[in-house]
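Shown next, in structure tokens, is the structure this report addresses.
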Amino acid sequence: MAGSTAEQHGDGPLVGVLALQGDVREHVRVLQGFGARTRLVRQPKDLPGISGLVIPGGESTVMDKLSRQFGIAGPLRSAIDDGLPVYGTCAGLIMLADEIVDAIHDQRSIGGLDVSVRRNAFGSQTASFEVDLDVPALGDPPVHAVFIRAPVVASVGPAASALASLDDGRVVAVRQGALLGTSFHPEVTGDLRFHRLFLDMVEDAGRTL
């Protein structure tokens, strides 16, 4: 898969998965399970025709460098500004955030989502954890969430809304129009309601690049 942008054929919307680094395969599998067609996106030429995009978890600093190296960062921001639905998980949330409060030297985000995030807010890989989250927008039961070297939303701007928070009040899921972000990894738990929500957002947007 790493060397191909091949699409799955079907009747569902064509959803891209940013395939620079991270858990790309898991998101492709989930999206195809819902009947969506998928395309791996690495370069600007991969954007035309998609109706939505998932930015997977991984390492945000590496994604940032590669997105600039492959020339996709600027065109993707333009697509976001034009209303492309995008869902970012973990590092993908960092990439969508307008501000990274603890960015390393020269680290940038693509932006578009009116939030500030803090990287690795819960510690190292060994500090990963699981928790059940109340997500009113998704109803019952609670969402079982896995946090792996996860970011946290440090502040939510007026354009965005919090969808879920931990018991201590820290925000871990947000939405702003056609943009969706989670600190955790729904693709690894089997609770796929956030992906279903995103595909509903894609359908509601009714657009392609």
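Easy rule for this one: first residue shown is 1, then count along the chain.
Heads up, the Cβ atoms here are built off N, Cα and C, so glycines get one too.
Record check, Swiss-Prot: L-glutamine site residues include GLY58, GLU59, SER60, ILE148, ARG149, and the candidate from ARG119, ARG170, ARG175 also listed there is ARG119. Residues GLY58, GLU59, SER60, ARG119, ILE148, ARG149 are recorded as binding L-glutamine; their most distant pair of Cα atoms lies 13 Å apart. Comparing local CB density within 10 A for the recorded positions GLU59, GLU187, the maximum falls on GLU187.
Within the set of recorded positions SER60, CYS90, ARG149, the entry lying nearest in space to HIS185 (active site, charge relay system) is CYS90 (CA atoms). Across the structure, CYS90 (active site, nucleophile) and GLY58 (L-glutamine binding site) place their CA atoms 7 angstrom apart. According to its DSSP assignment, CYS90 (active site, nucleophile) is coil.
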